[in-house]
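> OK, Swiss-Prot features for this one:
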BINDING   Glu11, Cys77, Asn80  Ca(2+) binding site
DOMAIN    8-83  domain 'Peptidase M12B'
Amino acid sequence: SQIKFKPSYIELAVVADHGMFTKYNSNINTIRIVHEMVNTVDGFFRTITSFGEWRERDIIPRSCIMASTISKHNPQCIINQPI
């Protein structure tokens, strides 16, 4: 079955205050990394519009998913260990 989510919104504000800026040696690249991380997380949440769960059985064999997708990014799959 698949659960459809009602659109919901989260307002997020991230502030790199002066204390944080000086803590990291006034390195503007550190601030840029924080900005990139926030944009990445925002991108994840924009794409999650539904969630499916398979209670009775796996509809897609897990080995197919791992072989084609996950193993590229997950070292645990490369060594054939459970996630």
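Heads up, the Cβ atoms here are built off N, Cα and C, so glycines get one too.
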> Using DSSP with the three-state reduction, classify Glu11 (Ca(2+) binding site) as helix, strand or coil.
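Looking at the DSSP assignment, Glu11 (Ca(2+) binding site) belongs to neither helix nor strand, so coil.
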> What number of additional C-beta atoms lies within 10 angstroms of the C-beta atom of Glu11 (Ca(2+) binding site)?
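Looking across every protein chain shown, the total is 4.
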